Amino acid sequence: GLEFPRRIRRGIGKGRLIFGPLEPSRVLDILHNPRYAGAFVYGRNRLVRKPDFKVAVVPLPRRDWQVVIKNAHPGYISWEEFEVNEQTLQNNIQRFLRGHRPGVRSEPQALLQGRVLCGVCGMRMRVRDEFRDGHCIHYYVCQDPATGRRSPSCRWIAAPEVEEAIARLVLQTVT
């Protein structure tokens, strides 16, 4: 697949440029970075010493940034697009905190959507669709939450198999 650059920040090879898969955390770093909108900013974070003497980086609200120079250089997107993206990301966070979970569709596509747990790791399995011969087949897939990819050590199973077994159990119970 396509590999993306990143710098080693500490330890052996510090400062060296390496290439690897694009991680979700890196995507969020890019989307939240005003540099991509052509802005120069300084003072977006504050360092806070914790009781265990370690230092934590605390992001500041935009109104508390020390320096913001819009159009300091050509951006990939406009400042207005950046602000719209920031609002969209914030709305997504709020939806998540209110209980909306990615992978749970507003209209059920699989009988047990959002209810099946992986027998290996215990994580909630997501529904994935595959189209064959003009038909959509649903699968319950265990995904690594950090990468959003299927966990190779975990399970996936065709939804109809699981749903048929559950339907038989329900019918046995009520009849």
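Cβ atoms here come from the backbone N, Cα and C positions, even for glycine.
These come from TrEMBL:
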type   : residues : note
DOMAIN : 23-91    : domain 'Recombinase'
DOMAIN : 111-169  : domain 'Recombinase zinc beta ribbon'
**OP:** Mind looking up the mean pLDDT for the domain 'Recombinase' (23-91) in the predicted model?
**Re:** 91
Subject >> Secondary structure content of the domain 'Recombinase' (23-91), with strand meaning DSSP E or B >> reply: 29 helix, 16 strand, 24 coil
**OP:** Could you give me the DSSP helix, strand and coil counts for the domain 'Recombinase zinc beta ribbon' (111-169)?
**Re:** 11 helix, 21 strand, 27 coil
